[in-house]
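**Q** Got these off Swiss-Prot a minute ago, pasting:
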TRANSMEM  34-54  transmembrane segment
TRANSMEM  62-82  transmembrane segment
TRANSMEM  219-239  transmembrane segment
TRANSMEM  260-280  transmembrane segment
ACT_SITE  Asp313  active site, 4-aspartylphosphate intermediate
BINDING   Asp350, Glu354, Phe383, Ser384, Ala385, Gln386, Thr387, Arg388, Met389, Ser390, Lys401  ATP binding site
BINDING   Asp524, Asp528  Mg(2+) binding site
TRANSMEM  594-614  transmembrane segment
TRANSMEM  622-642  transmembrane segment
TRANSMEM  667-687  transmembrane segment
Amino acid sequence: MTRKQRAIFEPALVRTALLDAVKKLDPRVQWRNPVMFVVYLGSGLTTLIWLAILSGQTTGSALFTGSVALWLWFTVLFANFAEALAEGRSKAQAESLRGVKKTSWAKKLSEARFDAPQEKVSADSLRKGDVVLIEAGDTVPCDGEVLEGGASVDESAITGESAPVIRESGGDFSSVTGGTRVLSDWLVVECSVNPGETFLDRMIAMVEGAKRRKTPNEVALTILLVALTIVFLLATATLYPFSVFSVEANQAGSPVTITVLVALLVCLIPTTIGGLLSAIGVAGMSRMLGANVIATSGRAVEAAGDVDVLLLDKTGTITLGNRQASEFLPAPGVTEQQLADAAQLSSLADETPEGRSIVVLAKQRFNLRERDLHSLNATFVPFSAQTRMSGVNVQDRMIRKGAVDAIRRHVESNQGHFPRAVEDAVESVARTGGTPLVVADGPRVLGVVALKDIVKGGIKERFAELRKMGIKTVMITGDNRLTAAAIAAEAGVDDFLAEATPEAKLALIRQYQAEGRLVAMTGDGTNDAPALAQADVAVAMNSGTQAAKEAGNMVDLDSNPTKLIEVVHIGKQMLMTRGSLTTFSIANDVAKYFAIIPAAFAATYPQLNALNVMQLHSPASAILSAVIFNALIIVFLIPLALKGVSYKAMSAAALLRRNLWIYGLGGLLVPFVGIKLIDLVLAALIMS
């Protein structure tokens, strides 16, 4: 799901942004943006010159100088307004999150069990390691891990999703978030953070962006903009002595004024992108939140735009994720009912969809009823990422089910033999895109349970789009190579990693990074944490464990693994917006040359009148028109900076050509039209 997006120019936000824009005139704020700080200084200088003219201390046109000074201040204010508007949208989102935080009470337990003695304490007094009981109707007082129990939890205040979710001890759905509400049953939870460090607190801090640091690309672009500003500053500074010399040599005209030089400098330096750069970064974070993804920093959003390798879990991302048992394929000498009986026993305590489907299929085929593990005096062996199998120990039987290679190792370690007929059955299931689970009883292989999964509709087309963009897709699965190859071919991914372990994921990420590539992945379990920490873009599922959320640099509140593709799109859109507006900003300097250079020097060098291709009314109106256009273009581009440029899936070279045509050519032509229209308005005002 996505959050409802606020209108860009919502009246309440605009009022707040206007006030903040004035507050940002503080020099301590302005110097952080070097390009706009030059405009800020130029505004102050022309204002002083205007005051000097009014007081008779110097000569010049008070109307012209005052008008230039006024529009230079507007340029600074418009840039401040763009940044304040972007920040205001983020702050409004943060306020809605802050409303989730309520003063609540907690039932603190003396021990980690349901019937332990309890005391009522303030949620703010809870510390990491404290254990609390949360019952139906209670607000979850802290972030933590479920130690005991299971409950239905309303997380709509955090995720925006109205459907309740199940949180229970063990597995990858054991994490609870402070501020959510338990709807039924009960949970015993161990707090995993101290006050002020909760997920909600971190969300608010991230969204507000109070301590937003510039990303590497922003820093690099800022250095480029500063370099251009210095070049234009030096070039403009040399024009004054050149003008004085030219007037004396030609005995014509008058030296160019400081006001005109300041106007020329401001129009030539990249004020458009300089004024919008910060707003673009803030808006990128805001758009990510609009997709219900919390990014820990702008660096993470930017990295998403540079990603060229996506590691995608098969289950839930590429396939629907609800694999169902469809067939029992017994080994030689084993009846189908014997295999079904053992498979059902091994799955009685397995709460996964696959495990439950095995129990149901055995019941449907052979009327095998569920049995109680306690009455059988059996011990359940849970699945782990390392062993890649689960099962049950009952009496003298050691029943295991799991991946082919895992069961093979288990059987051979017990001096058993893996039958060729079972290998053939495994290959048969795998070739059709199914997942074979092998069942063994000690050293004896009993047969194969076939699991069927379905590839999501439209996923192949999405992968084709990513391929056009130069992004490699890699499917990660615990299935054997044959199954993985069949599903990979059906889904259209570029590569796959079969029989994946946490160590294999980590090694694959490091391999791609060693090749200079940026890697993105999703994860929700504690076993995913090392790989999430290593990946350049790591999207942790909100439903996952605390360890996974701490290891990732983004959290998907919807817990939808497919969201990784949308995250990459948002990141690329932010980078494209920044690049497009930089191209536009630099390109529109050309028209300003044709406006200001003839106006400033035509009196001394009449030949320069040939450059007045726009036939502007007068030197004063030409200069003022360029300054006004330079200010207004920032306002007109604010929606584009906040929403992002339109994005289409294509190669980097094709995108570059497209943007050069739209924003490069547009940057050349739009100022000619804009400056001419403003000049016509000024001329009409002068004539009236």
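Indices start at 1 and increase along the chain as displayed.
Cβ atoms are placed via backbone N, Cα and C, with glycine included.
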**Q** For the transmembrane segment (622-642) and the transmembrane segment (62-82), check the count of CB pairs under 8 Å (sequence separation 6 or more) and say whether it reaches 3 or more.
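**A** Answer yes, regions in contact.
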**Q** Could you tell me the C-alpha distance between Lys401 (ATP binding site) and Asp524 (Mg(2+) binding site) in angstrom, no decimals?
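**A** Taking the Cα atoms only, Lys401 (ATP binding site) lies 23 Å from Asp524 (Mg(2+) binding site).
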**Q** Could you give the Cα-Cα distance between Thr387 (ATP binding site) and Asp313 (active site, 4-aspartylphosphate intermediate), in whole Å?
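**A** With the alpha carbons as reference points, the distance is 19 Å.
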**Q** In whole Å, how far does the CA atom of Asp524 (Mg(2+) binding site) lie from that of Asp350 (ATP binding site)?
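**A** Between the Cα atoms of Asp524 (Mg(2+) binding site) and Asp350 (ATP binding site), the distance comes to 19 Å.
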**Q** Does anything in the same chain, at least 6 positions from Asp528 (Mg(2+) binding site), have a Cβ under 8 Å from its Cβ, and if so what?
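**A** Sequence-distant Cβ neighbours: Pro502, Lys505, Ala540, Gly544, Ala548, Ala551.
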**Q** Can you tell me the CA-to-CA distance separating Phe383 (ATP binding site) and the residue listed as 'active site, 4-aspartylphosphate intermediate', as a whole number of Å?
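**A** Each residue's Cα considered, Phe383 (ATP binding site) and the residue listed as 'active site, 4-aspartylphosphate intermediate' end up 18 Å apart.
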**Q** Across all protein chains in the structure, which of the recorded positions Asp313, Asp350, Asp524 has the highest Cβ count within 10 Å?
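**A** When each Cβ's neighbours within 10 Å are tallied, Asp524 leads.
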**Q** Through the lens of DSSP with three states only, how would you label Asp528 (Mg(2+) binding site)?
**A** helix
**Q** Under an 8 Å Cβ to Cβ limit, what residues of the same chain, 6 or more beyond the ends of the transmembrane segment (260-280), are close to it?
**A** 33-36, 38-39, 42, 45-46, 68, 72, 75, 78-79, 82-83, 85-86, 218, 221-222, 225, 228-229, 232-233, 235-237, 239-240, 574, 577-578, 581-582, 584-586, 588-589, 592-593, 595-597, 599-600, 623-624, 626-627, 630, 633-634, 637-638, 641-642
**Q** When DSSP is mapped onto helix/strand/coil, what comes out for Met389 (ATP binding site)?
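**A** Note: Met389 (ATP binding site) is in a strand by DSSP.
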**Q** Far apart in sequence but close in space: which same-chain residues, 6 or more away, have a Cβ under 8 Å from Met389 (ATP binding site)?
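**A** Val381, Phe383, Arg400, Lys401, Gly402, Ala403, Ala406, Ile407, His410 - these are the non-local Cβ neighbours of Met389 (ATP binding site), listed in sequence order.
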**Q** Return the count of C-beta atoms lying within 10 angstroms of the C-beta of Lys401 (ATP binding site), excluding that atom itself.
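**A** A count of 28.
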**Q** Expressed to the nearest Å, what is the distance separating the residue listed as 'active site, 4-aspartylphosphate intermediate' and Asp350 (ATP binding site) at their Cα atoms?
**A** 21
